[in-house]
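Enquirer: After the structure tokens below, expect a handful of questions from me.
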Ligand SMILES: NC(=O)C1=CN([C@@H]2O[C@H](COP(=O)(O)OP(=O)(O)OC[C@H]3O[C@@H](n4cnc5c(N)ncnc54)[C@H](O)[C@@H]3O)[C@@H](O)[C@H]2O)C=CC1
Ligand SMILES: C[N+](C)(C)CC(=O)CC(=O)[O-]
């Protein structure tokens, strides 16, 4: 089991702890704050309800979490140490040498710093790289890596393994890439509030109703390329480039950061969002972020592509009671309803994903479908036997009941985390020619694979298959 040590368990350290833990790493947190355990517990609770919801496969079993006040004890045996103490160079200059003195020579030492350059961080001879993440660290994939290229390459490999997107910054610069952009927007927004042009809420509306949505899926330059119309980027530059020298922006000036400005911004922010606690706001943000990233999975754009690539490396398959496991995933909160459990539609969704997986297993995969052949479902029978709750691991096994000519009859069992049977779904599919939209015989290799599975499953029990709606419910199967 790999171990990560997080030095400083605040907003960002807590997010790193959750990211590593939920990807199967053991995590040691070092923070002098006696409240660190409670705070990280709350961040973890939010991470547990959101991160697994990005995936259609289960994440690895969670690692072990420990808390330490002694830094040397925390970093012992760690493969990755992430410094996440407050943003003062003086403090980082005390903490980084202490980490380096206590950690093995091969361990990566990353700093979460939002703005300091590696040459500043390492002024006292340390070997840290910048590994700058984004809040919430457990959901957003980007980590800006700055520093020694070999160390950054090793770090990138590890970060991909926990579902993140490492971006190597070619040249060190204050505030790296993303924070320079964010600072520019933030400075302009402060002027707009200070000058009474807009409230904090109006500024947020101008972002979330328009360019915030665009940025999440195409960023800045690809978006502007489209804005140039058919003539593309050159036309866009010709049209809007000159505006940069008009008095549109105050980007170079910083408004005086005095109490009056802080009070103005804070009071407007209280009026806008003060009715929700920070944890409630985090849950709202997390649910929205999960929904947006899941939407991006389909096209593989941006963060959706990162999740898909990471998911491809998550273990799937195996057997349960002699039957192939066709789904192993965690139940997202979006699958639950007002009764506080998984809604009926998603029992069928899980079975449908199991059917897709089984089709791949017999060679009726994406390439086969692209060649113009597939299976269509013509009948389903769902038996709801037990509740399933958000976050719970759900496993589906698939048994072939019949495989004759165009027909494929499957019996999916949905197992809860405690190995109780949650549902069975019996499903009948017919092989179909996608050009004529009529039923047809499968290709010989698909028939051979399917009948092979059918022969292996023929002698196995299938209690509950063949029932009609309204038939008395038999006692649920248990292991
Ligand atoms: N908050 C944000 O949005 C982001 C912050 N960062 C960076 O992450 C770092 C941490 O920032 P936050 O988490 O926001 O700060 P924070 O104030 O929430 O957390 C800092 C934590 O460090 C602990 N700490 C202080 N001295 C320590 C020491 N000597 N040893 C161990 N722990 C110590 C504090 O008790 C506190 O829990 C900063 O470098 C910041 O620039 C990076 C990305 C985003
Ligand atoms: C405000 N901030 C500079 C600490 C922000 C970041 O560093 C990244 C983020 O999460 O926005």
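Glycine too: its Cβ is placed from the backbone N, Cα and C atoms.
Automatic prediction, not curation, is the source of TrEMBL annotations.
Per TrEMBL, domain '3-hydroxyacyl-CoA dehydrogenase NAD binding' is recorded for 3-171. Annotated NAD(+) binding site per TrEMBL: 8, 9, 10, 11, 12, 13, in sequence order. What TrEMBL lists as domain '3-hydroxyacyl-CoA dehydrogenase C-terminal' is 177-243.
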Enquirer: Using Cβ-Cβ distances, find the residues under 8 Å from residue 9 (NAD(+) binding site) that belong to the same chain and are at least 6 apart in sequence, listing them in sequence order.
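Expert: The list for residue 9 (NAD(+) binding site) reads 17, 29, 30, 31, 33, 36, 39, 40, 67, 84, given in order along the sequence.
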Enquirer: For 11, 12, listed as binding-site residues, tell me which one has the smallest number of other Cβ atoms within 10 Å.
Expert: 11
Enquirer: Other residues near the NAD(+) site, CB within 8 A of the CB centroid of 8, 9, 10, 11, 12, 13?
Expert: 6, 14, 15, 16, 31, 84, 85, 112
Enquirer: Using CB atoms and a 10 A radius, I'd like the single residue among the binding-site residues 8, 10 with the highest neighbour count.
Expert: 8
Enquirer: Give the subset of the binding-site residues 8, 9, 10, 11, 12, 13 lying near ligand 2, defined as CB under 6 A from any of its atoms.
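Expert: Cβ under 6 Å from ligand 2: none.
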Enquirer: Going by DSSP, give the three-state secondary structure for residue 12 (NAD(+) binding site).
Expert: helix
Enquirer: Only counting partners 6 or more residues apart, tell me which same-chain residues put their Cβ under 8 Å from the Cβ of residue 13 (NAD(+) binding site).
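Expert: In sequence order, the residues whose Cβ lies under 8 Å from that of residue 13 (NAD(+) binding site) (at least 6 apart) are 6, 7, 29, 31, 40, 82, 84, 112.
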